[in-house]
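Annotated signal peptide per TrEMBL: 1-25, in sequence order. TrEMBL lists 31-177 with the feature domain 'F5/8 type C'. If you look up TrEMBL, you'll see 183-364, 370-547, 793-958, 1017-1202 marked as domain 'Laminin G'. Annotation comment: TrEMBL describes 549-586, 959-997 as domain 'EGF-like'. Look at TrEMBL and you will find 585-636 tagged as domain 'Fibrinogen C-terminal'. The annotation disulfide bond is assigned in TrEMBL to 931-958. Residues or ranges marked as transmembrane segment in TrEMBL: 1241-1265.
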């Protein structure tokens, strides 16, 4: 019977919770009765009335009596119309009209509400809009729905704008229904304790709902604890609610702290706030007003060991499981329910389950506090005081977000001085200025612009100055001198009037923006209601009897972990260290793929990738291998070969692989790639993959989807085979995998896994190594992904009436759109999405203008970027549009971005409902002609190509990428089109790499050379078809272009020598004195032309660049891109029968001048780079031959780098060789006579050590080479026989041991 009752209670609880959820979501019941029409005239009141017939009693909707509505005496923003509903009611909508038959109506207004007729609160709609739209004429009715509804007794309408040709005029109605509630008033020392039946409670669930209001910023609302340290506490701290759930010390991992959820702000405003807490197992839903937080708690929250008692309003003593100081709650609670039990009703009925501690009242008291809001920096409040009052004394409370502003100014009599109280940098600064004396300053407090109430008391009496902030007296009180201080009779709070008022109030800072209350002058509290009625003091731009402060960081619109700060009128986001930028930290600073980095001209290296752009996923680091095909490489923690023994089904071996990215990040990267793969090598000896008797797997792996996979490398999921099974090369034809042959010899099943949905591998499980002589080993390679499906995804729009349509763009709060376009059209719409009134549109307005138009309810706005050049040049241009709560922005290419700030209190939600049109509009007019590529909305790519396949007038893809990206191909590389993208053809360049930007450099040792033979024999060259034969023997060269870069410390040196069969030659040498000389002999019967550059020593170990360009007898030379010279050659105009080009030493150097012969005998020792003669690159042909080339290498020539680039990463520096590493031994250099004479013994010892080290390194290198050679030979034959597979494993293990030993040897 008990179990049936418990089940019934749980069912009722579930139904009640669901009904509560529906009630929280919106009013599903009928609550639209007119509430004002039946009220007596006395229930209507106003700030003033124009006449007796314009009084507030005539302000009922559709009434024509009196003057046909309410109108105030003066039409200004300080007027109001108020309704007393008699008791608290739920108000769901309001309606307004103008004055009957008049030109008096209100076009916009504010709505205020209150329970007591004091301390009014301004109603704010869901999208943070404060104002309501009013009327456009006198008689039409405008209805405004209140979402959420208001529970209040008093409503007040404040006109903001009205018909400029008339006056303020209003008739109103409010709609709603009765509101019933149970209320309890706690005085800060009292509380309620509820003890419940344990059978009626499920430890898996808790549901608590209540409303509260208070003027105190701290206090415990509820607490429930258990004997083991488990507890749930809801506490108000600093005007915010904290929900603390502690699952007990034993149940929480050491790295986790108790669950702490924080919601709400400024909750100490003496207005009602609703709270809902739902706990179901580990899932916690926490709601405060309209703000919600869902949290999956750490620790074991599926069962909390709690006592069957809960306290409301405080924590009983002795407090259980409470490690923090706490105050009891002081204020009112309403409709307090705990798991469907009405706690306040039980307390009123004196139910024995309720224990009342202290003084409790069931009527909510209404503390009378009149706050005043300083709305702008021009606001001020002037209050009189008795003149000749002895001293200056004032006190008040304030709250603000602004760090600076004037709080108080007072003139002094007799001494003609002044007293200023300023808020500066969040601190109070009290300044007393007296003529002829140094100013007296006191600094007090800190962080006072935190939005909390702070109390201030200032006193200057009898040569003593003091200030008290939040009860703390400033210790230093400077002496004021013997003079007595007298007030001049006027106090200025918050700011100074305009000079036209004749005031002597002055302030170095702007006016105060915030709230004040409890203002006292000379220990007498000021009646602010009298100020509002005009009978006391003066003011400007104030809102009296209301604190209009709001927390603009709640909700926090700063994305991706950006830190929110605020002032009175705006919020700001600090995006430092987030990886994102923009006004709300929305836009990623990183690219979405390696492909995108490549086409910005980046080379291979580590890069941060943000796969979903501005989406929620964080960026992560991976390696981009920039080749013709771009590869993304993601490593993991298990790249070494792992051996497995003694594993069986009851105790399996599980290898877990962890990646530097989350599963969601990896999924986004894989989904975006064209292809992904991961090599899985599985070695086995008597270790099967499948049990052949029942077909059950004995080893398997798990991928990203957490599903068990039993296919292996090289296969696909459907076949459940290995590579050898697909190729028919298994060692036993009866099985689909080598390992299933179950042989007592090593074999393997190795291959690439390439099914994207299952990658990457996260776990491998092995269960069949428990038998005698059974063993397995495995090795998992990195995740490799190539390409980017989104970067080149494009569509061509062929007619103005064609477009692609997609689902509605969801970008209510924050949105970004980016794409590439190219066109020859004059104009056209790229993208459009419409709502009822809202819309967004991006278009090419003219050949030089791109425009972003939008409307979020504040009227249409436009942002345009204009270019000095035309956009319709058939080149790719990049557009990025953003809109958020703070601003809208437009960027095009590298032009200056344009922004449009959002209104501070306007509509902010972008509400669209039509289809998204791409390349056109809903009206089929002003369509775009051209190509759109890589269209992304909030980081998600739209598949233009797939939609274009089924859309008339639109074609998938868009050719012609070289027109825009061809400039990336450098150093003579040629851009070639691909179906998706392009590549750089470097065959005619002296460089290599994806953009022909990687230099080909070589270190030349002493006596070494590279000879490129254009023709071995003059007579044989005529029929040659080789690449070199383009320089035909009969052809006479009247022009050539030569480039070479070098780095050396030797002189003389021969950089380049070109010879002909007619004993004509060109030589580029460094003379003995270090000068650069170019010698042209174009006629064997004449002396060579000598061009000498003796500007500086070119053998200085620095990198130098030389470029020669000859046009017949004119030679143009450029050195280091700075020195340029044109020279006229007298030896001839043509180079006949080119024979060869030599870099380095020349053995046969007869027939050349003496200096060239001397340099040729020495050759070149150093680094040569990027050598090009026309379309011939001799170093590239020697070091990177793509086909047989007539190149001869003599001596020590090794590939190296001539450039040690500054700012490169560690990997690049490791790959970059310093020139000084190849400078030769000491005896190769210029003799250092004194050093050799004095240190010959030391040098001899050093040479011996160097030789010994070189011998050791050579031995180690030979050993590694032998192991690698053995591994490669065995790897190619691993599937041919069992012995080869065994050798593979041994080689793998030996290589690992060798590497470890080598590390020790190198260290030694």
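Glycine is no exception: its Cβ is also placed from the backbone N, Cα and C atoms.
Here the domain 'Laminin G' (183-364) lies next to the domain 'EGF-like' (549-586) in space: the count of CB pairs under 8 Å, restricted to residues six or more apart, reaches at least 3. Taking Cβ-Cβ distances under 8 Å and a sequence gap of 6 or more within the same chain, the neighbours of residue 931 (disulfide bond) are 794, 795, 796, 797, 820, 821, 822, 823, 958, 960. Neighbour density for residue 958 (disulfide bond): within 10 A of its CB lie 24 other CB atoms from the protein chains shown. Counting residues per DSSP class in helix, strand and coil order gives 0 helix, 10 strand, 28 coil for the domain 'EGF-like' (549-586). With respect to Cβ pairs under 8 Å, the domain 'Laminin G' (1017-1202) is most closely packed against 959-997, considering the stretches 370-547, 793-958, 959-997. Counting residues 6+ beyond its ends, the domain 'EGF-like' (959-997) has Cβ neighbours under 8 Å at 598-599, 601, 603, 626-628, 630, 787, 791-792, 822, 874-876, 931, 1043, 1170-1172, 1175, 1177, 1179-1180, 1184, 1186 in the same chain.
Taking the domain 'Laminin G' (183-364) as a whole, pLDDT averages 82 in the prediction. Note on the domain 'F5/8 type C' (31-177): DSSP counts are 9 helix, 67 strand, 71 coil.
Helix, strand and coil residue tallies for the domain 'EGF-like' (959-997), in that order: 7 helix, 12 strand, 20 coil [DSSP].
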